[in-house]
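For reference, the structure is listed below as structure tokens.
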């Protein structure tokens, strides 16, 4: 075996061993110590992160991709399933980022969840999730990818419903798992199609043997899977609802790692779809619709976590647009930069929520810049990175995506929607900063404001550094697989920046108008549309079940009762027998002439029958 391959497979084995060790210690019947989460879990993830840097440096030095197949799981005459790992730039870059972000979030969770009696179990769930995510990222066949896919799904369900005493948390967890189940149908059907038509689940073999086939059907299944997992329009309501879980869960699963699994699936299998115009157009239009719709919903939300959740969904839509543009590497770059600042925004939100007695309404915050200067500064940095401010992390990916979109010869409507959503990103980001950091405090004086704990400061600080320099580091060290546009007109080059600045100006105007409005709640249709999330949950979660119940009630009470019990049952017997009864009773009238006539007729009939 080549030494590079040996080192890569050994490091992955070490990462899995380090992450599994804390889980194995929990099998001991004696209960864990109070600080087990910090001594075992956090240390294991930190060590795994440091180990994962080794393959990254080797890859930077040599630039070689490696596939390691070490164990045959199952085989038949035409089909085999191996344990196979793929070390390409997607898995080698994303694994350290996932470990780094998780390390920061778990340290924050040790402060955020310190009063929870089951904190050790919470950390165990997060660790299981991380293992499933790394399996998904490094998988080289659909079977392993499916194991990781379902693993992150079930851990998401358990962690959203962590506070299971609350009805909202249970509903949100069920909602998440049902929407994901719809997406999983697409993935399972695609896997079945690949197994029956290509006789292989190995990704390289699938690429090689599918060149002559029409892949529209399985690609639509994969897009459905990505729509469910990455909260694209139609299957998006679960992501804002998932904010019922603890803030560390929102920061890890529902912003930086799990929700990008759907996009990652499409990036990993992109060679299948790069020449299929139907699939690419579907991705482009679906992504553009998602990014604008969810950005519109974020404009009027007042729950700080919901705003950040909708911004996540909006950025996932932008990644889907990028896949539709045939630029998977740019989508992956945006995944990497987005992980840092979005996780940091959630941690800053969690810190502020905790400091204000669990208050999540931004209208009841304000003036936090003087009270929690570090957290507020990082919240501002994260918001600026999200809007694509030049030379922060988000700029390098977002600007490249908008450039690729501007210079492509594709759907102009998708371009318009995406640029409008980019402008809205600036609006809701500045709105959060305005309501949370600026102005005067609008909360009770008894709020226990405290940001002196290193478990709060250090994770946010690490992610802040990532939000500032990650984009520069990644773009300066990796060559793009497709040559970017070298020259373009100045207006096109500045398009992303101009719409962002216009969004910031609109946000400032709106924020100042907020203090001058006469009615507390606007009655505009547009405001209601945005605030009610486009009436989507009301229609899908309320109207559809109501119509189903009404239909069921109609079938049960009217169709079954009236048809079976009345028309066919007792009343039916009466209605069928009544004509015969009336006919026979009319015949028996006591008239001798009639009887005599009938007697002669019947006698004559009998004689005729005997004669013939």
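Quick reminder: no glycine exception, Cβ is built from N, Cα and C everywhere.
Range annotated as transmembrane segment by Swiss-Prot, chosen from 494-514, 515-535: 494-514. In Swiss-Prot, the feature transmembrane segment is placed on 176-196, out of the ranges 71-91, 176-196. Note on Swiss-Prot: of 442-462, 463-483, the range annotated with the feature transmembrane segment is 463-483.
Looking at 48-68, 552-572, the range annotated in Swiss-Prot as transmembrane segment turns out to be 48-68. Against the transmembrane segment (92-112), stretch 463-483 has more CB pairs under 8 A than any other of 215-235, 279-299, 410-430, 463-483, 591-611. Remote same-chain partners of the transmembrane segment (215-235), defined as residues 6 or more beyond its termini with a Cβ less than 8 Å from a stretch Cβ, comprise 149, 153, 179-187, 189-190, 193-194, 258-263, 265-266, 269, 272-273, 276, 278-279, 282-283, 286-287, 289-290, 293-294, 312-313, 316-317, 319-320.
Long-range contacts of the transmembrane segment (330-350) within the same chain: residues 90, 93-94, 97-98, 101, 104-105, 108, 112, 247-248, 250-252, 255-257, 260, 263-264, 266-267, 304-305, 308, 311-312, 315, 318-320, 322-323, 375-376, 378-379, 381-383, 385-386, 392-394, 396-398, 400-401, 404, 459-460, 463-464, 466-467, 470-471, 474-475, 480, each at least 6 residues beyond the stretch ends and with a Cβ under 8 Å from a Cβ of the stretch.
Residues 79, 142, 146, 149-150, 153-154, 156-157, 160, 206, 217-229, 235, 237-238, 241-242, 262, 265 of the same chain lie 6+ residues outside the transmembrane segment (176-196) yet bring a C-beta within less than 8 angstroms of a C-beta in it. Most Cβ pairs within less than 8 Å of the transmembrane segment (376-396), among stretches 4-24, 279-299, 463-483, belong to 463-483.
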